[in-house]
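Asker: Checked TrEMBL, it gives:
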type	residues	note
ACT_SITE	Lys241	active site, proton acceptor
BINDING	Gly59, Gly60, Gly61, Ser62, Phe63, Gly64, Ala190, Arg305	NAD(+) binding site
BINDING	Lys157, Arg305, Asn306	substrate binding site
DOMAIN	56-210	domain 'Glycerol-3-phosphate dehydrogenase NAD-dependent N-terminal'
DOMAIN	230-374	domain 'Glycerol-3-phosphate dehydrogenase NAD-dependent C-terminal'
SIGNAL	1-19	signal peptide
Amino acid sequence: MHPYLRAILLLSCTALVSSFCSNSALHFSRARRSLNSNIEMRGTRGDSLPYPARFAVLGGGSFGLALTTVLARKNIPTTVLVRKQEVADSINKNRTHPVYLKGVTLPTGFTATTDPQEALADATFLVHAIPVQHTRSFLMNHRQYFPPGAPILSLSKGIECGTLQLMEGIFEDVLGTDRALAFMSGPSFAREMALNQETAVVIASRDNELALDLAEILSGETYRCYTTKDVVGLEVGGACKNVVALAAGMCEGLGLGTNAKAGLVTRGCNEATRLAVKMGGKASTLGGLSGVGDTFATCFGPLSRNRKFGERLGKGETMEQILASSTEVAEGVETAFALRDLIYQVDKSYRVDLKYPILLGVARVLEGKITPYQGLKNFMAIPIRDENI
């Protein structure tokens, strides 16, 4: 190449690189200032509000207590509302629960009480940890104690029998539509959380700032929160995973192999996604922590109450026999019936049973209309078709 042309080309390249670097630096600087400004504006909820964060946890079961340990380790003032005085005394004096989380020593930094007025006084956040089927009556009996404007974070998963409402609908029915709501889901066994083992969850809220504030308050070295605006997707995934876990447990009870269980769980996730999208949720949400994450943990984890319940069904026990001998709630049992009715209400297409063979089949097993083995055979006999239909 001619030296003159080489010089011109070199100068042009130098100018181009200089301009690119200058513009990149400018864009990076703007992005960094915007990010820093956003962080400084929001911060953590406790820093950004004119008052400190104070939590009231409504319900002293396994998961309510587990989240309380997360709050206590971050030195956030928290009070837990429990039903029985002996439970409150055991927590306050011995740092143990007499029934749930046995062998776990609860951290200091929170108290338990049976007095709703004491538990809810001055609370800036309410954590709802009451089973779905008892939520409506609990809210109606305690709403007079709720501080005005305090947002609610719900840990409950399922569908209300009779009304076929998800948790958001129950809250709005009883409390009105003005109170800010958030919902948590994800692969999160209570015992592992209480033992401070690594856990990742997702918080859904139509108020994105509320979800971000809660995520910042709760997140730490061993507890990580993500956020989403897809409340419907998160709630449907949380309800369906318990029913799929019952089916997975039946596979174990029948002595089936990993292939059968993995296939059933995957197709169960597919059915849950189909229903969520039909109800206005996003398929991507069901592919995240609150969908496949929670479902896989519940179906394959040794601590799952719903999987254990299904395993006993697979071994020949009836629903009534298992319920009579269980101390912990397997929400998938009641959810299975509500879910069946919800599917028929939402999806009016022809042969809907072929689109939800697992979610509908579990209810039939629980009712005693078919055996777990017959349910499996029905699943395997579905007509050949495209996987995504």
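Backbone N, Cα and C define each Cβ position, glycine as well.
The shown structure was predicted, so the numbers you read here are calculated from the model rather than taken from an experiment.
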Asker: List the same-chain residues at least 6 positions away in sequence whose Cβ sits under 8 Å from the Cβ of Phe63 (NAD(+) binding site), in sequence order, or say none.
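Answerer: Result: Ala129, Leu155, Ser188, Ala190, Met193.
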Asker: List the residues of the same chain that sit at least 6 positions away from Gly61 (NAD(+) binding site) in sequence and have their Cβ under 8 Å from its Cβ, in sequence order, or write 'none'.
Answerer: Tyr100, Ala129, Pro131, Val329
Asker: Let me spell it out: for each of the recorded positions (Lys157, Lys241, Arg305), count the other Cβ atoms within 10 Å of that residue's Cβ, using every protein chain shown. Which one has the most?
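Answerer: Compared across Lys157, Lys241, Arg305, the most Cβ atoms within 10 Å surround Lys241.
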Asker: Across the listed substrate-binding residues, Lys157, Arg305, Asn306, what is the farthest Cα to Cα distance, given in whole Å?
Answerer: 14
Asker: Quick one: of the binding-site residues Gly59, Gly60, Ser62, Lys157, Arg305, which has its CA closest to the CA of the residue listed as 'active site, proton acceptor'?
Answerer: Lys157
Asker: When DSSP states are folded down to helix, strand and coil, where does Gly64 (NAD(+) binding site) land?
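Answerer: Looking at the DSSP assignment, Gly64 (NAD(+) binding site) belongs to a helix.
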Asker: For the domain 'Glycerol-3-phosphate dehydrogenase NAD-dependent C-terminal' (230-374), what's the model's average pLDDT?
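Answerer: Taking every residue of the domain 'Glycerol-3-phosphate dehydrogenase NAD-dependent C-terminal' (230-374) together, the mean pLDDT is 95.
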Asker: Restricting to the chain of Asn306 (substrate binding site) and a gap of 6 or more, list residues whose Cβ falls under 8 Å of its Cβ, or answer none.
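Answerer: Once residues fewer than 6 apart are set aside, Asn306 (substrate binding site) is near Asn242, Val243, Ala245, Leu246, Gly249, Thr298, Ala330, Glu331, Gly332, Val333.
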Asker: In Å, how long is the longest CA to CA span across Gly59, Gly60, Gly61, Ser62, Phe63, Gly64, Ala190, Arg305, which the record gives as the NAD(+) binders?
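Answerer: Greatest Cα-Cα span of the listed binding residues: 18 Å.
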Asker: If you take the centroid of the Cβ atoms of Lys157, Arg305, Asn306, the listed substrate site, which other residues of that chain have their Cβ within 8 Å of it?
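Answerer: Other same-chain residues near the substrate site: Lys241, Asn242, Ala245, Thr298, Ser304, Val329, Ala330, Glu331, Gly332.
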Asker: Over the span of the domain 'Glycerol-3-phosphate dehydrogenase NAD-dependent C-terminal' (230-374), count residues by DSSP class, listing helix, strand and coil in order.
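Answerer: The composition, in the requested order, is 107 helix, 0 strand, 38 coil.
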Asker: What does DSSP say about Gly59 (NAD(+) binding site): helix, strand or coil?
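Answerer: Coil, per DSSP.
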Asker: For Ala190 (NAD(+) binding site), what is the tally of other C-beta atoms lying within 10 angstroms of its C-beta?
Answerer: 23
Asker: Cα-Cα, whole number of Å: Gly60 (NAD(+) binding site) versus Lys157 (substrate binding site)?
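Answerer: Cα of Gly60 (NAD(+) binding site) to Cα of Lys157 (substrate binding site) measures 16 Å after rounding.
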Asker: What does DSSP call Lys157 (substrate binding site) in the simple three-state scheme?
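Answerer: In three-state terms, Lys157 (substrate binding site) counts as coil.
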